Amino acid sequence: SCFSPAGMNQTLVTQFLILGFSETPGLQMLLFPAFLLLYMVALSGNLLIVLLISSSPALHTPVYFFLVNLAAVDILCTSTILPKLLGSMVAGRTISFGGCMAQLFFFTWSLGAELLLFSAMALDRYVAICRPLHYGALMGPRVCVLLASAVWAVSLTNTTVNTVLTGRLPFCGSNVVKHFFCEIPPLLKLSCAPTRLNEAMAFTADVVLALGSFSVTMLSYGCIIACINASILRIRSAAGKRRAFSTCSSHLLVVSMYYSTVVYTYFRPASSYALDKDKVVSVVYTSVAPSLNPLIYSLRNTDVKAALRRLSSVTIHVCPFIPSALPSPLPLW
């Protein structure tokens, strides 16, 4: 047991009640198909990207290597959050203390990895466009593997620290999580002990991972635009200029949306957490962004479309259950 500020002996919380979005059954019935659709789009889109890249030797290049990692991160994020959310809409909304910490761990891991991957992908594009003659040396297999390993390791360290600190807090008051999943800000509001250390660590992680990665990404895209600016100005038609900037602009849109919502959520003290507003913001980086990433980064790409057509033609003519027709594992390149 622990003691509340009033000195009342209270029982430690062993499970949490996830409040979700609404107590209104009618609204729940509207939200369920919406989140189910988001989950299906995110899961199928990212699995398709992994399948296409792993089965197409022409796509075994650095840029698609990072896209496979991004797809894996999005699968981890949505599979950590959305199945439990969908289940809570039709069944019980409780989650055990251990289950809540596990959800917090895997979500924070995917969140940090996604932020860092955006930077790695932006650096890769900068080298490819601005230093094409040195691309093979600067973005060789060893460098790409080291970058991806660093992304996963740094984000793993961050989530381990924050999850352990959160798990050590005593929760002996309300067990109602005013959110649709276990995230750091709403959990800190439920603690009956000071949370200054937790807030400081979350703030530090946000500065390093979010603002640091955002700065690297923006700087990389700024250099890319500067490198191609002369070529863009030489394009006479308006349609040609739009095509030249379309890739960078769409990437920047997704990246800006993702970073801004993460910074908004984690750059404030837990006491300023707002129920309805913060839940809507969290939907962006837990559901919307993972659904858009396959379209923005991959499925609009000519090489990926060609690989999709080849895979479709093979699927039509060859039984997919024959072992020889199955795609080989993804090598380093």
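The backbone N, Cα and C atoms fix where each Cβ goes, glycine too.
Residues or ranges marked as transmembrane segment in TrEMBL: 30-51 (among others).
TrEMBL lists 45-297 with the feature domain 'G-protein coupled receptors family 1 profile'.
According to TrEMBL, the feature transmembrane segment maps to 63-82 (among others).
Distant neighbours of the transmembrane segment (102-123): 63, 66-67, 69-70, 73-74, 76-77, 80-81, 84, 95, 147-148, 150-152, 154-156, 158-160, 162-163, 166, 181-184, 187, 205, 209-210, 212-214, 216-217, 220-221, 251, 255, 258-259, 262, 285-286, 289, 297; these residues of the same chain sit at least 6 beyond its ends, with a Cβ under 8 Å from one of its Cβ atoms. Annotation comment: TrEMBL describes 102-123 (among others) as transmembrane segment.
With a threshold of 8 Å between CB atoms, the same-chain residues lying at least 6 positions outside the transmembrane segment (135-155) that come near it are 62, 65-66, 69, 108-113, 115-117, 120, 123-124, 127-128, 209, 332-333. Per TrEMBL, transmembrane segment is recorded for 135-155 (among others).
Positions annotated as transmembrane segment by TrEMBL: 207-232 (among others). Same-chain neighbours of the transmembrane segment (207-232): 112, 115-116, 118-119, 122-123, 125-126, 129-130, 154-155, 158, 241, 244-245, 248, 251-252, 255, 259, 262-263, 266, counting only residues six or more beyond its ends whose CB sits under 8 Å from a CB of the stretch.
The transmembrane segment annotation in TrEMBL covers 244-267 (among others).
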For the transmembrane segment (63-82), give me same-chain residues lying six or more residues beyond its boundaries with a C-beta closer than 8 angstroms to one of its C-beta atoms, as numbers and ranges.
35, 38-39, 42-43, 46-47, 49-50, 53-54, 103, 106-107, 109-111, 113-114, 117, 120-121, 124-125, 128, 144, 147-148, 151-152, 180-181, 286-287, 289-290, 293-294, 297-298, 330, 332-333
